[in-house]
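For Arg57, the entry in Swiss-Prot reads active site, proton acceptor, with the evidence type sequence analysis. The active site annotation in Swiss-Prot covers Glu170. What Swiss-Prot records for Arg18, Ile19, Val20, Arg57 is NAD(+) binding site. Under the heading domain 'DarT', Swiss-Prot lists 14-217, citing sequence analysis as support. Summarising the annotation, Swiss-Prot assigns region 'NAD(+)-binding element' to 41-59 and lists similarity to another entry as the type of evidence. Under the heading region 'ADP-ribosylating turn-turn loop', Swiss-Prot lists 123-170.
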Amino acid sequence: MAYDYSASLNPQKALIWRIVHRDNIPWILDNGLHCGNSLVQAENWINIGNPELIGKRAGHPVPVGTGGTLHDYVPFYFTPFSPMLMNIHSGRGGIKRRPNEEIVILVSNLRNVAAHDVPFVFTDSHAYYNWTNYYTSLNSLDQIDWPILQARDFRRDPDDPAKFERYQAEALIWQHCPISLLDGIICYSEEVRLQLEQWLFQRNLTMSVHTRSGWYFS
């Protein structure tokens with residue numbers, strides 16, 4: 001199937017996306033998103049990533065901006081259609097398989113992050129690899145391979161072996177992403193949407209919540 005998400009995934013909008021377990025949302029609404037090295041951590045946080053890769057990222061240095069390591073930042077992708085989301089659905093890559101209903105997608109906007117003077121960096125490939133380039137200026141957003149993101153195409157290509165890593169370019173927000181910088185939540189089903197809206201209502205918070213089952217893998 002051919003996709004074209006160029007209207008929403010582009011350097012002008014600079015939307016950034018993070019997937020989390022649905023049951024982490026109440027804590028996130030109360031505390032925002034905290035980096036791996038933060039002293040503020042949820043007691044019952046449900047991790048959905050690859051534990052081995054999470055461990056490796058802890059000591060990986062960030063060579064620009066505020067510096068530190070990858071665990072000093074809250075990571076986002078520039079697409080909601082990540083290989084990680086597919087691996088969670090399929091159970092590949094050392095990741096626990098989970099139904100789509102358990103996963104929600106948070107959306108923010110890197111231009112809004114910058115406007116609020118929250119420190120950030122971003123990369124043109126998966127942040128863990130040594131050949132990845134890091135940037136601190138929004139003027140460098142054109143270094144991201146937007147066409148493959150817009151086409152939702154992360155198939156490995158023997159003629160372009162770095163394509164898979166470029167698809168996983170990251171936006172990294174220093175230490176803490178407050179809830180005020182989140183623009184909305186995407187979920188798989190109407191049942192989950194109603195639950196998310198209830199959690200927002202209980203906290204007198206207003207945020208867009210949309211059901212987009214077609215954004216998930218099946």
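The backbone N, Cα and C atoms fix where each Cβ goes, glycine too.
Structural mapping of features recorded in Swiss-Prot.
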| residue | record | DSSP class |
| --- | --- | --- |
| Arg18 | NAD(+) binding site | strand |
| Arg57 | active site, proton acceptor | helix |
| Glu170 | active site | strand |
Tertiary contacts of the region 'NAD(+)-binding element' (41-59), as residues 6+ beyond its ends and Cβ separation under 8 Å: 19-21, 23-24, 27, 31, 34, 69-71, 84, 87-88, 93-96, 98, 103, 127-128
Rounded inter-Cα distance in Å - Arg57 (active site, proton acceptor), Val20 (NAD(+) binding site): 18
Lowest local Cβ density (other Cβ within 10 Å) among binding-site residues: Ile19, Val20: Ile19
All-chain count of other Cβ atoms within 10 Å of Glu170 (active site): 23
Integer Å distance between the CA atoms belonging to Glu170 (active site) and Ile19 (NAD(+) binding site): 13
Segment-level pLDDT (mean, integer) for the domain 'DarT' (14-217): 96
Residues satisfying Cβ distance under 8 Å from Arg18 (NAD(+) binding site), sequence separation of at least 6: Leu33, Val74, Pro75, Phe76, Tyr77, Ile105, Leu106, Ser108
